[in-house]
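A quick write-up on the structure given underneath.
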Amino acid sequence: MEHKDIATPSRTRALLEQHHFNFKKSLGQNFLIDVNIIRKIIDASEIDATTGVIEIGPGMGSLTEQLAKKAQNVLAFEIDQRLIPILDETLAPYSNVQVINEDILKADIAHYVQTYLGHCERIMVVANLPYYITTPILLNLMQRSLPIDGYVVMMQKEVGERLNAQVGTKAYGSLSIVAQYYTETSKVLTVPKTVFMPPPNVDSIVVKLMQRPYPQIDIDDEDRFFKMTKGAFTQRRKTINNNYQSLFVDGKKHKKAITAWLEAANINPKRRGETLTIEEFATLYEQLKNFPELEI
Ligand code: SAM
């Protein structure tokens, strides 16, 4: 029997009724009911028959179905057990989809990628993300050295703007630096609330992040580097000098060393975190090695 696309109001409503499904707000369940938006997301991700796709939160399969038609394989992580029998039904025509009923923040992604997408030439993450955990999901995927080539992901507008922010703007912060370090980011499109069921409270944006072959700067301990950059933004209205006094162990006792460290990196201690480029943070990081009394 020929079915309508899942991403239509009528098919989505029919599935909801048939399975007595009610949305869980706490899981960020806003399902896509517009196939045109899905096509734009898929076009931006340049998927072909050699691409493996990781999807986070397939819901009832609206995006998954269209991904399955273009990609070699789709690996989708869905936390909500109630959606598994629905996905079994909606995705039955697509033998190249594997649904894993696990929390994306806890799953052994490397293992599943190796098992189900190991043979694919290219791996893309394509998802309409659960907004309440957008940042942890992206940080977790980027920082784990997974074989991912890029991401085309829908998220709430504010987070998308932070990922894509230029130095000196209000949206620029530690998240912009992590994203810039690992990827080249660009905006794909803004999305109206009307394409979701139920409509979310916030505006949405689709962002593309392509993994860089090498990070933009050379850092030997990424964890330490990102803790250091985050420290510059703890209180955005304060100078970096002030913020770093709170970051370092016994920072208030090391005021002189902090000023000396900033000056050694040619950074005026009165500047604010949002004015520092990623290269300037890299210089600060290198200089920090000469100030062993400054412990993070
Ligand atoms: N892809 C579907 C669509 O566009 O119609 C649903 C997108 S909805 C915004 C987010 C989905 O992520 C929901 O299906 C939700 O149950 C799922 N989800 C929420 N938290 C999750 C987690 N920690 N791990 C995996 N999936 C999660």
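Glycine too: its Cβ is placed from the backbone N, Cα and C atoms.
Summary of the site annotation: TrEMBL records S-adenosyl-L-methionine binding at N30, L32, G57, D103, N128. Screening the candidates E17, E78, E89, E158 against this entry identifies E78 as the one listed for that site. Taken as a whole, the domain 'Ribosomal RNA adenine methylase transferase N-terminal' (37-213) shows an average pLDDT of 97 in this prediction. Here the binding-site residues are E78, D103, and the one ringed by the most other CB atoms within 10 angstroms is E78. A sphere of 10 angstroms centred on the C-beta of N128 (S-adenosyl-L-methionine binding site) encloses 27 other C-beta atoms. In sequence order, A7, I38, G59, S62, L63, N128, V195, F196 are the residues near L32 (S-adenosyl-L-methionine binding site), counting only same-chain partners six or more apart with C-beta under 8 A.
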